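According to TrEMBL, the active site, proton donor annotation covers Glu33, Glu286. Per TrEMBL, the feature active site maps to Asp178, Glu325. The annotation Ca(2+) binding site is assigned in TrEMBL to Thr422.
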Amino acid sequence: MFQNEDAVRRILEFIATVDFTKVTGGSSIQLFEVTIRHFGSILSAYDLLNGPFAHLVKEKDLRESLYGQMIELGNALSCGYNTPSGIPRNWVNPTLCTTDDAHSNTIAGAGSLILEFARLSDITGHRVYVEHARRAEQYLIDPHPAKYVPWPGMLGTNVRVATGELIDDKGSWGSLADSFYEYLLKAYVYDSTAYAHYLERWKLAADSTIRYIASHPVGHPDWTFLPYWDGHKLFNAMDSLSWFAGGNFIYGGMITGNQTLVDFGLTIADTGGAMYEMTTTGLGGEFVVWTNDCNPGYLEDFRLEHCNGSNSVQTPGKEFKLRPEVIESWYYAYRATQNPKYREWAWSAFQAIERVCKTESGYSAISDVDAVDGGKKLDQMESFVFAEVMKYIWLIHLEDDKVPFHVMDSRTGKLNQWVYNTEAHPFRIAGQPV
């Protein structure tokens, strides 16, 4: 997307050398992570380089080398579905085409593969890939038993591999669940005919979140947090992955023409901005907690004599792991509103990352967002730093008519021709644009 011809060529030449049936330094790969990162990026590169960016690589053979590699990797990942129910296991041995013996997977692990496997089927014409993903997804579209569905559309986190049944009622919009809800909406964007019923499930989840789950801390009625749940009991803690929900609601509202959803998503995006502004580094912590009633337990936990708007939100998880979710939500917020504050927040976050996270060879997670220097560098940098963080910061600063393949802009009549997977790799849609 940056149109760096030399980098694209070197990456393509490297991908062509990879044997996706072998694992260096081990025997197994994670189905979920490899699908959304490696597999997603190859599918996206194929779409882009055989479409609007074909001019970056003149040799058709080099562009087409991605085709064989995506099939080889897709076949290896499909081994994860070799289970009694079709619910995949997450650890796959691509050499032997076997899985581990795990009894469960998460709803994100089982329900966030539909875009990638659908895209492979649509590119190759082989339906077996998408049928794997759709079979697994169906258990979550029609979840059982009902006791593990605390509110309409909202599920527990874990699903039994043997039967496809849910096995708990603990959940959140965050870790282990997040991209399941994300892909309900994005599958509809990808093919609005084939996945219309996925959108209906997403609408149920969105409505339940607004009605039953959303929480507002003391002194800040305009801030919106998404607590996690254990059955119908809510716990006022939110991990950093949950912040993607702001953008997800905005996106869904733009697609369906529902301003209530857009406005709700904006309150989450704005709350993320407030969380960044309240730390010393200007970066958000790994998780936050809050009180909406100043209960004695909260006062005791944080050794407070009283509580008000100045201390009703705390950041006990002070690590910053270079996660993209808040910035992702600002991106959608800017596209929906054109409000310059979202650009300003994104630029401030970039400057903070440059100041406290940059190293000689990249960027590092830090231990303390309330230390001037970020505390200890944790020597960790995941692929989403470039796939998402830097990409969204770049995209948010482009005008609508200059943004290549963003999922939607604010111009009347402009529809989605591409959809981002959960790692921000754009896929060409297969159905009618919405």
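Placement of Cβ uses the backbone N, Cα and C atoms for every residue, glycine included.
Feature annotations (TrEMBL) mapped to structure.
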residue : record                    : Cβ contacts under 8 Å, 6 or more apart
Glu33   : active site, proton donor : none
Asp178  : active site               : Ala108, Ser172, Leu241, Ser242, Phe244, Ala245, Thr422
Glu286  : active site, proton donor : Asp239, Ser240, Gly317, Lys318, Glu319, Phe320, Lys321, Arg323
Glu325  : active site               : Ser240, Leu241, Ser242, Trp243, Phe244, Gly247, Gly272
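Other Cβ atoms within 10 Å of the Cβ of the residue listed as 'Ca(2+) binding site', summed over all protein chains shown, number 24.
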